[in-house]
Amino acid sequence: MMKPTIRWAQDDDYLFLTIEVANCTNPTINVTETVLSFKHGEYECELTLGDEVVPSESSWDVRGLGVEVKLAKKEPEHWDRLAGDDLRRNWIKVDWDKYEDSDASEPEQNQFDPSQFGQGQNFGGMPGMEGMGGMGGMPGMEGMGGMGGMPGMEGMGDMDLQSLMAQMGGKDGQMPDLSALQGMEGMPDLSALQGMGGAPADEEGSDDEPIPGMD
């Protein structure tokens, strides 16, 4: 069996381990208060830790080219080493990339975020979209089904647009007779619009092309 490369960093409360194993999809990871064990394919290791951790507050996640393991320290203190002895292990390395440069004047764009380490993202739902089923959750859209929620449109129902235009006498681009709408409940006074006839669709010099039917 081969030992995987483990890179580690720490703050006062957590250890941040990256176990580098390519194509790692379903590893076996166990954590006790003093031991971390890992196995995947030809890679396997068991490491006695330098101090105690809290398994119930620890987590891990498969990301990129390996596994991220976040171990909660039992006591908030600095660890001198990851392992419980002083043997040299060339497969355990300090992850310097996770330490901030205290002299840096500007934070890095890809600055290490401990809160996101070793935790999978939650894709359970998009906040604020609870009402998308039927658009019921969007304010002001409650009446879109059949247009029943728009004042003055109660009589529209499923009226056929072509039939409505025929009843109003509109054709050849002319303004239809709006008096046919005057009897509808809630309809405002449209008399001021009478006489505003438009130009015929085929008028010479027009730049507009005929709009095709909606069949």
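The count begins at 1 with the first shown residue.
Cβ coordinates come from backbone N, Cα and C, glycine included.
Noted in TrEMBL for the protein shown:
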- 1-83: domain 'CS' (DOMAIN)
- 100-215: region 'Disordered' (REGION)
- 107-120: compositional bias 'Polar residues' (COMPBIAS)
- 121-155: compositional bias 'Gly residues' (COMPBIAS)
- 201-215: compositional bias 'Acidic residues' (COMPBIAS)
Whole-number mean of pLDDT values that fall within the domain 'CS' (1-83): 95
For the domain 'CS' (1-83), residues assigned helix / strand / coil by DSSP: 0 helix, 51 strand, 32 coil
